[in-house]
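Asks: Encoded as structure tokens, here's the structure I'll be asking about.
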Amino acid sequence: MDLFEYQAKELFAKHKVPTTPGRVTDSAEGAKAIAEEIGRPVMVKAQVKTGGRGKAGGVKYAATPHDAYQHAKNILGLDIKGHIVKKLLVSEASDIAEEYYISFLLDRANRSYLAMCSVEGGMDIEEVAATKPERLARVPVSAVHGVDHAFARSIAEQGHLPGEVLDAAAVTIAKLWELFVAEDATLVEVNPLVRTPPRGNDDPGQILALDAKITLDANAGFRHPEHAQFEDRDATDPLELKAKEHHLNYVKLDGQIGIIGNGAGLVMSTLDVAAYAGEKYGGVKPANFLDIGGGASAEVMAAGLDVVLSDQQVKVVFVNVFGGITACDAVATGIVTALRMLGDAATKPLVVRLDGNNVEEGRRILQEANHPLVTLVPTMDEAADKAAELASA
């Protein structure tokens, strides 16, 4: 789950990562009021989940509250790489002597964690990475040993940060790692991490995180119920929100054949056979990925069916279950229960293929229910063909 900058800075504050004060607003009047409260020049920053805001005109310096108002009017509604600006972060502007870059991320290719650091931060960090890769340090991080002050200092040193700021930068880098671990993040990035101008021989300047980018591991959400507040409900498909409320693993696709299965591998295979079968019937396609899990109950099956049938694009539902931990009789009971609950609202046909644990009992339950919308088919390929045929009708 990607966070907006203002949300990421809430986590920065929680973990004592130094940054500048500010608040979020959705209006030009609000931007002016926040600037008046701060009482100093401010930055007006578009809140979108993409990079390149500055180059797109989404980040502006405002010397006065009136300037903040004008910039906010211009930025709100701006299209930045397909993202429409609906919120702004208005934060205190900072004097900048130097801009650095620091991030921690999950390095999937090497199955490890990685720290990246550079003395050349700012809007052109992508160009630095492409044209001067030696200026961007890539430091593997042990999940066992983590990042203490000494290792954080080494990361800063390898990123070529000036010697006089290494210790101060190391403190912030260590706190960013603490956040990365504690919040189950897969990315924590600061660009720019700035050094403010020195105020004397004994003051090398402050280290501040002027930007914040965080991606949280959605699979760790059970450990962080507080992360639910960060969900961008306006941008999330309503069906995906509904599925999430039932703890279902659901992804909306653009097709006509609703898919329900148990186990990610079986569901992926079901998507493939449904898409292949659909080629014979006008190119109909799978409408979703929905894995009810290895130990799904009748209630879970009913909830999944409710979600899929709520999709207006779906013309038929293909239920493909191989009973292992999930018994076929529980799945059959869930189907019957869901159809009873939905009543007249259930108007779309179901093609059901059951096999494995308690398959005979599961088939018996469906046969005795004798629901006019349910068609039992013995094999996966035959079921896919039948579902595609019904979806094309």
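These residue numbers are counts, starting from 1, taken along the chain as shown.
Cβ from N, Cα, C; glycine included.
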Asks: Going by TrEMBL, Gly52, Arg53, Gly54, Ser94, Glu99 bind ATP; tell me which of Lys45, Lys87 is listed for that site too.
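Replies: Candidate listed by TrEMBL for the same site: Lys45.
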Asks: Starting from the substrate binding annotation in TrEMBL that includes Gly324, Ile325, Thr326, which of Asn249, Asn262, Asn370 is the extra site residue?
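Replies: Of the residues offered, the record points to Asn262.
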Asks: What same-chain residues, at least 6 away in sequence, bring their CB to under 8 Å of the CB of Lys45 (ATP binding site)?
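Replies: Looking at Cβ-Cβ distances below 8 Å from Lys45 (ATP binding site), excluding near sequence neighbours, one finds Glu5, Arg53, Gly58, Val59, Lys60, Leu88, Leu89, Val90, Ser91.
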Asks: Measuring Cα to Cα, tell me the gap between Ser94 (ATP binding site) and Asp211 (Mg(2+) binding site) in whole angstrom.
Replies: 12
